[in-house]
Amino acid sequence: MAEYLASIFGTEKDKVNCSFYFKIGACRHGDRCSRIHNKPTFSQTVLLQNLYVNPQNSAKSADGSHLVANVSDEEMQEHYDNFFEDVFVECEDKYGEIEEMNVCDNLGDHLVGNVYIKFRNEADAEKAANDLNNRWFGGRPVYSELSPVTDFREACCRQYEMGECTRSGFCNFMHLKPISRELRRYLYSRRRRARSRSRSPGRRRGSRSRSRSPGRRGGGRGDGVGGGNYLNNERDNMRGNDRGNDRDRRKGGGGGGGGGGGRY
């Protein structure tokens, strides 16, 4: 009997434990769910609930329905890449190596804007979960907890990945929002540079070049494009200097192309 219960744990056959919470770390029924949400005491993965605010979905009409904001695809991708980079870099620098980070593009309240950060070590994840609960982001408190999700292949909507999901943003499986190829190359090359620095202490950290339109970064405040959504602790001086150097290089080096610009 014990072997059978263990074999069905977290599956649809399990009538005691919530399979959605086990697979996705979130359930649309929340505390009203008739099945148990077994919150892990240790895990590699930290969930930051509803952290990312998509400008295209943030506007609502009087009846509460979503309105599509007038934001171009290019602006949307830049806004998202900046958000992703800031969270990824700060969490990896502060808490430890990140294996993967995923952001949900769903619209359901239990999944919208959820950020899942899978650390290499469980101790780093525990430290991050505890510390981030004392942080603010975009004028809102951060709600973090350890998540049971470690295999995102089981949590993702396969139909969405093939462009065939009929539930749109209200699907109960993860619709993951992709980052640009440029940012992906930067984050992985950054990791290689970090490992190289451990062998050569004198090397400095680089920073990804960002092509921002004049005035957009300081334009809308809050959760819109260019709204300055940063974790509300001071950045270390080195990162600030690196960004300043990037701006100087862009002024002196002329405009680059889009996509995977010539820097890499």
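Just so you know, glycine gets a Cβ as well, placed from its N, Cα and C.
According to Swiss-Prot, the feature zinc finger maps to residues 151-178, out of the candidate ranges 95-122, 151-178. For the annotation phosphoserine, the record in Swiss-Prot points to SER19 among the listed residues SER7, SER19.
Sequence-distant neighbours of the zinc finger (151-178) (same chain, 6+ residues past either end, Cβ-Cβ under 8 Å): 20, 23-25, 28, 52, 54, 57, 80, 100, 102-108, 111-112, 116, 118. In the three-state DSSP scheme, SER19 (phosphoserine) is classed as helix. Counted with DSSP, the zinc finger (12-40) comes out as 9 helix, 2 strand, 18 coil. If you draw a 10 Å sphere around the CB of SER19 (phosphoserine), it holds 17 other CB atoms from the protein chains shown.
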